[in-house]
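Student: My questions will all concern the structure given below.
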Amino acid sequence: MKNSSESHDLLHRPQPETTTLPAGALSFLFQPLEWIRMLCRELNTSFVLGVMLVYGLSQGFTGSFFRVVTDFYWKDVQKVQPSAVQMYIGFYYIPWILKPVWGILTDMFPVRGVLGASTALMISMEGKLSIPVALLCLVGMAAGVAIADVTIDACIAKNSIEKPNLASDLQSLCSFVSSVGALIGYSSSGILVHLLGSQGALGLMAIPPVFLVLLGFAIFEQKTNHPRENRAVGEKVREAVFGMGRTIRCPEVWKPSLFMFLSIALSLSTHEGQFYWYTDPKAGPAFSQGFVGIIYAIGAIASIIGVLIYHKLLKNHPFRSLIFYSQLLYSASGMLDLIFILRWNLKLGIPDYIFVILEECVSRVISRIRWMPMIVLSTRLCPAGIEGTFFALLMCIDSLGSLGSKTGGGVLLNLFHVTRTDFRNLWLVVFIRNLLRLVTVALVFLVPYTTQLDALLPSKLLNGNNGSDVENLKLVSMKQVEVDETL
């Protein structure tokens, strides 16, 4: 692997005349391909393909498909109240909260597979399950995605530290392929729910884990720098935990981590109340299953636009100013939900189906622009040696924020008596949510005022091993894995 100076030269030296792209509109079409070629050249082709598969298939397709199908499953099969569903969804984040555990496992032990297929088959083939069993199956499906995610995140965090010039590019790649996968998932989810029912559609989620298991055979885990030293596993874990504890106590780390947690937790989720209202034939606009999928699919396209805006225009701006303005816009965009629920769009002469698509596009673009600098910031806070474990810890903090957001939203829906048929106070719940989003703007001082290329950690954390010679993860070809296993 080339050192950082060589990487910098490769990124900035002019390209040979023979590789110059066509001018005009054709050049614009070739830019993404050239960008991916650059990432493959600078990093590793199998690594880039692994990122595209995990983020595109697991987070993108599976996450979006799972979201729509489970919404209809709780509503039509289990027939529970929206406030209860909002609370149940909070349990989906438990596997993500445990990401430091998965991180330690990926740093210390070989990882060859994922969970999820068996629980997907169980929930689709066993008829109407009891709520606790159904919830356990859905949490199991979420766990399969979380474990696959932390494995590839370890690789991303490591490459972001070794090549900081590519940190934003890596997150742009992750967000882009995730949005493309979400576009496919949302586009097909509503149609498949209509054709197969929500239970039958959930059974299809047994397919993506099979591809991720195959990917597990392409994950090469390089052992410690001194492979002949056979230290106890407990000692390795202790050192990794010590390194995490020392890093999280640094003001450069805990302040932005606290902001990320609060920015997520204070943005209370009201999704289930709005979803029930969307599909209600009396109080709401009575959107069909297929149209709900179309709404989210168009939102996925908007997410891609948000990625492009960030990648082309915003990735070199300071963290604090970028997050401040995006959080401000995020709060303002929430008012579109309020206008829709109060049906003011009809008074303005805007049909429901046009307004909801407009609202979804605006909120998705802003959400993506708001989220990407925070995830880039997270990769820059990871110390050398325990990149996967510490990045998993930061994502655990974000997942705790999501758990608080879902749970708080469920409590708010229940407190204002928003039910399957009563939506009179839904507008008030959304208004309170928007006010809390605005409060978060006052906390932006916790974010460092540095560019996205500046070093954020003390040199002892950037260069040291934190007392741990943990494993490094990378993706290689199957041929190399076979050669290494025979040595």
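Heads up, the Cβ atoms here are built off N, Cα and C, so glycines get one too.
Predicted automatically and left uncurated, TrEMBL annotations should be read as such.
Quick caveat, the model's predicted, so the values are computed rather than measured.
According to TrEMBL:
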- 47-69: transmembrane segment (TRANSMEM)
- 90-109: transmembrane segment (TRANSMEM)
- 129-152: transmembrane segment (TRANSMEM)
- 173-195: transmembrane segment (TRANSMEM)
- 201-220: transmembrane segment (TRANSMEM)
- 258-278: transmembrane segment (TRANSMEM)
- 290-310: transmembrane segment (TRANSMEM)
- 322-342: transmembrane segment (TRANSMEM)
- 388-405: transmembrane segment (TRANSMEM)
- 425-447: transmembrane segment (TRANSMEM)
Student: Can you see whether the transmembrane segment (425-447) and the transmembrane segment (173-195) are touching - at least 3 CB pairs under 8 angstroms, only pairs 6 or more apart in sequence?
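Tutor: Since fewer than 3 Cβ pairs under 8 Å link them, the transmembrane segment (425-447) and the transmembrane segment (173-195) do not come into contact.
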Student: Based on Cβ pairs under 8 Å, which of the stretches 129-152, 258-278, 322-342 lies most in contact with the transmembrane segment (388-405)?
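Tutor: Per the Cβ count, the answer is 258-278.
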Student: Could you check whether the transmembrane segment (322-342) packs against the transmembrane segment (258-278) - three or more CB pairs closer than 8 Å, residues at least 6 apart in sequence?
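Tutor: Contact between the transmembrane segment (322-342) and the transmembrane segment (258-278): present.
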Student: Counting only residues 6 or more past its boundaries, what in the same chain has a CB within less than 8 Å of a CB in the transmembrane segment (258-278)?
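Tutor: Contacts with the transmembrane segment (258-278): 71, 74-75, 82-83, 85-86, 89, 284-285, 287, 292, 323, 327, 330, 337, 341, 356, 374, 377-378, 394, 397-398, 400-402, 404-406, 408-410, 412-413, 418, 420, 423, 426, 429-430, 432-433, 436-437, 439-440, 443-444, 446-447.
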